[in-house]
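Annotated active site, thioimidate intermediate per Swiss-Prot: Cys174, in sequence order, evidence recorded as sequence analysis. For 203-226, the entry in Swiss-Prot reads NADP(+) binding site, with the evidence type sequence analysis.
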Amino acid sequence: MPVFDYEDIQLVPNKCIVKSRSEVNTKVKFGPMTFKIPVVPANMQTIIDENLAVWLAKNGYFYIMHRFYENERVDFVKNMHDKGLFASISVGVKPAEYDLIDELSQKNLVPEYITIDIAHGHSDTVINMIKHIKHKLPGVFVIAGNVGTPEAVRELENAGADATKVGIGPGKACITKLKTGFGTGGWQLAAIRACAKAASKPIVADGGIRNNGDIAKSIRFGASMCMIGSLFAGHDETPGDIIEKDGKKFKTYFGSASQYQKGEYKNVEGKKLLLPYKGKIADTLREMQEDLQSAISYAGGKELLALRKVDYVIVKNSIYNGDML
């Protein structure tokens, strides 16, 4: 199959049919709900916390709460529902996670979304968890991942997943491709294309997005939602303290498989970065929406799916997604 990534692709414009990009609709239906843009901040401890989840839900954006405060997830679901907001949580596949699903079922606390969040999601452990969630909480929209092949997408969909998350190691804070030799780093966009062709349900593109134009490219090649970490790191609302260095402001960003997340140096496939402070997350989200509106206007449409119909050219290839390692 052709191998390419975000920086290797340029989309080819079609005739514009709108007078202003403000006419363009970027909304996406994903599961039971519709959101302003097809973007979700990564479910990482340096990106999302409960306060930001509340803000995103109130303002029409999708979110997925991370799974690293294991004992707080039941209360989180209750708190979100008490506020009249949707609940979206992450789970792993260890035995305690089965107990969590059972507890949610017993208390009739049914989150609208559950994401099974595993580095290598093409596994029996994930398939078993999908089946358990669907048995205990049949109304939940289950996102399963992460995977990188059409075969994995088919298996997880057949097990009952409502969406699959595609991306093995292309993230800015991820070094899986260097530590293991495996992954979709350098061909993430081609992996999305291959997985989307095999899928009958939505695909979440996870990792490797470095610029707002990459969102449009993800949609073009079959994604319904884009999970983004590094572009959302460093805002007022993201967790962590502002650090000053040489007169400039930064915030910490680390991968979910880094030693900083794990608390020990064992099976480490993530790293820690200092990213520039970016101010308010609302400004970043608004810019993403405006850039996506412009992209759709270049595609010759008024709605998101117009991007699926455009032609493209392959210009070059690089394994590092533009990162300086």
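Glycine is no exception: its Cβ is also placed from the backbone N, Cα and C atoms.
Shown on the structure are the features that Swiss-Prot records.
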{"residue": "Ile203", "record": "NADP(+) binding site", "contacts (Cβ under 8 Å, 6+ apart)": "Val153, Ala163, Thr164, Lys165, Val166, Ile192, Cys195, Ala196, Gly222, Ala223, Ser224, Met225"}
{"residue": "Asp206", "record": "NADP(+) binding site", "contacts (Cβ under 8 Å, 6+ apart)": "Ala42, Gly145, Asn146, Lys165, Val166, Gly167, Gly171, Cys226, Met227"}
{"residue": "Ile209", "record": "NADP(+) binding site", "contacts (Cβ under 8 Å, 6+ apart)": "Tyr6, Ile215, Ser218, Cys226, Ile228, Leu231"}
{"residue": "Asn212", "record": "NADP(+) binding site", "contacts (Cβ under 8 Å, 6+ apart)": "Leu231, Glu287, Met288, Asp291, Leu292"}
{"residue": "Phe221", "record": "NADP(+) binding site", "contacts (Cβ under 8 Å, 6+ apart)": "Leu189, Ala190, Ile192, Arg193, Ala196"}
Local Cβ density at Ser218 (NADP(+) binding site) - other Cβ atoms counted within 10 Å: 31
Other CB atoms within 10 A, centred on Ile215 (NADP(+) binding site): 27
Count of other CB atoms lying within 10 Å of the CB belonging to the residue listed as 'active site, thioimidate intermediate': 25
